[in-house]
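In what follows, a single structure is set out as structure tokens and then discussed.
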Amino acid sequence: MAIMGVQMVVTLLVASIMQRVSPHYSFGRWLLCNGSLFRFKHPTEEELRTLAGKQKPKAKRERRTNGVTDEKPLTVPKDIDLRLDTQPITTIDALVLRYFLEYQWFIDFALYSTIIYLFTEAYYCVVDAQNEINIGVLWCLMSIIFSIKVLFTVMKHYFRSEEGGERSVCLTFAFFFLLIAMIVMVVRDEYLEFGLEPGLASVCHNLENFLAQRGWQWSMPFVKLAFKIALVALCAFLGGCLTFPGLRLAQTHLDALKMAADRPMLQLLLHMSFLPPVIVVVLWIRPITRDFLLNAPMGKESVELMSNSAYNTFRLWIIVVLCLLRFCLTRFHLQAYLCLADRWVEQMKREAGRISMLEIQRKISRIFCYLTVVALQYLAPIVLTFHCVLMLKSLGDYSWGLYPEPTGFTPVVDSSPVQSHSPTSEEEEDTEDVQAAVEQIMGAMSSLRGLFTPLFFRGLFSFLTWWVSVCQIVTSLFGLYFHQYLGAS
């Protein structure tokens, strides 16, 4: 409390509200159950028999009397005139969905972490709290970790599949992204302006001084190599986790465009929501964006359209707006997925042969049961990108451009020992113990701030934001090609 101050009070208050309010009102549950999404109900056996012109089967006792003992699955022709009934999704319906509780908790946590981050931004604007720990950053970091965890949980579901095709797809894309990450690591900052090398050099310099003051020695080239290997491994892991979200996004994008065939404005918004990863990737290609805006050719002269700091602010706002745009179109993508049931029935009608009633019911019900999986695949990359940008702004000492902010600074590692005074009484001894503990905690945090500089965080979170967009571009473009050409054939 003495260390965190007002931010700790607000954090505890928000955590308490989240625990008490979520069972009664949940933003994640509202996204699915606000009445805007409707599901297709599977037909009953009576309805299928009526459409097929069949009578109700005899009871078991009558079949035994007539000498019929084998029970064959009830089948109907595929070309029956089957029309599915629709029903708005309710909370009772959502409780049977797979991973519904994980989805609800994840969306609610992302919302509350964003609220706390906005509060800390306002708090830092009003109060000079540079020496306090930014609680909003910790919440954003947890949102990033939970986003990756959710994506990994969904990927594990594909690995448990009996067929094994999904597992091969994830491993193939993970290896492919591993190669791309290794290539990106050797690209110079003149082309991809992450700033990883300067940031890593500053960390190694501070770490070398920190260890030298304590009589330790460590090979700094080994630290750089280990960090790059770990980052490449993380890139491959993220690529594998984002494989099926990208493929699913391509499918729902195409289906949503077909649903909005008579709504050109909605089609324009859908196309705009599909392009954000491309725009994010281009924003970090220096010759195309920063160099052009800082030295725009105007005839024989070059004009500076914006400064370096203005471009950094502009880039942050562009990514935030693109994330919000994609989030606002969540309903259309989820409804496009739910309409797969009706589309599957229409495709079945064009086929010849017979199909069991149970298979029809199972296929239609399965599409609805995996709604929350599709929602997680759509929303988790948005949450991941959004909170990476928030971390980039706060830890990278950038500005939103809305209010004057203090310039960032790089703390110097202070290894001076804590001065101790001789106690004169038991009360003074207890007081000094508490003060010593607080000073040790503050010293440890100051050391960490001194090691990991804003320059390092700029490089790290710029790269992570850019890499998530690269994974989405590759997988979604492959998904478009697959669903338009390979899947259709």
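Any Cβ shown, glycine's included, is placed from N, Cα and C.
Topological domains recorded in Swiss-Prot put LEU95 on the same membrane side as LEU257. Scored by C-beta pairs under 8 angstroms, the transmembrane segment (367-387) has its highest count with 135-155, from the stretches 135-155, 225-245, 305-325.
Of the candidate ranges 135-155, 167-187, 225-245, 265-285, 305-325, 135-155 contributes the most Cβ pairs within a distance under 8 Å of the transmembrane segment (99-119).
Among residues of the same chain six or more beyond the transmembrane segment (305-325), those with a C-beta under 8 A of the stretch's C-beta atoms are 269, 272-273, 276, 279-280, 283, 289-290, 293-294, 296, 382, 385-386, 389, 392-393, 398-401, 465. Proximity of distant same-chain residues to the topological domain 'Extracellular' (156-166), defined by a Cβ-Cβ separation under 8 Å and at least 6 residues beyond the stretch ends, is recorded for 244, 373. 167-187 is the stretch from 135-155, 167-187, 265-285, 460-480 with the greatest number of Cβ pairs below 8 Å to the transmembrane segment (225-245).
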